[in-house]
Amino acid sequence: MSQPEYIAALLSIIVGLGLTDLAQSLRELVRPRRTVNWHWLPLLWAATAFLLAVQFWWNSFSFLKGATSEFFLPYLVAFLLLYLTCAFALPDPGWEPPGSATGGGFSVESLGARAPLDLRAFHFSTAHRRWFFGVFIAFILTSQISSQTASLFAERSVNPQEIPGNLVLVALLGTLVWTGRKWAHAVISVLCFLGIGWATLATILGWTQFGELLGL
């Protein structure tokens, strides 16, 4: 195996772990161990993370043909951040809202039953917004550095077409870190899903010009 093939195998394993984490988290939600109060936003972001992983993995092969040590480390960091993005998309089975275990008096847990897992409370919790969207932003920035570095070494020039779309995406994600307003999350989440979904489709089908405008 050549060096690019070894690198591609390693990065594919990382993507596989991220997708496995997404599937496992979804499986735990549908298993009858605990009642779940469903909400569409975490599920939409899980689907967005899935599309993002497929797109970035697919795009990476064009750059790995001439892989060198100069841009391997940024790509490795980007793939690790992609894994964390997938891992933070859905809650663990034992997730509880902040402060749910404090205070006196009776609670559902004290009577021997577990409170339902509230996906709405999970999505809008400050900790989740900071970690999920913060890591998402870090992934976008790192992947952009990786992509531009690869273009610089392979083609002796950067690719400015990718930059505007990614800056808009970072701004939208930053808004979700900052605010917990429901309408903002609903609108931005749908826009990000449609944009990343279309870019993924464009990348796989070879619509390169449009894919570069919205792709990563």
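Glycine too: its Cβ is placed from the backbone N, Cα and C atoms.
TrEMBL does not curate its annotations; it predicts them automatically.
According to TrEMBL, the feature transmembrane segment maps to 6-26, 38-59, 71-90, 131-151, 163-179, 186-207.
Here the transmembrane segment (71-90) has long-range neighbours at 7, 10-11, 14-15, 17-19, 21-22, 25-26, 29, 42-43, 45-46, 48-50, 52-53, 56, 60, 63-64, 128, 131-132, 135-136, 138-139, 142-143, 145-146, 149-150, 153, meaning same-chain residues at least 6 beyond its ends whose C-beta is under 8 angstroms from one of its own. Stretch with the largest number of CB pairs closer than 8 A to the transmembrane segment (38-59), among 6-26, 131-151, 163-179, 186-207: 186-207.
Where the transmembrane segment (163-179) meets the stretches 6-26, 131-151, 186-207, the count of C-beta pairs under 8 angstroms peaks at 131-151.
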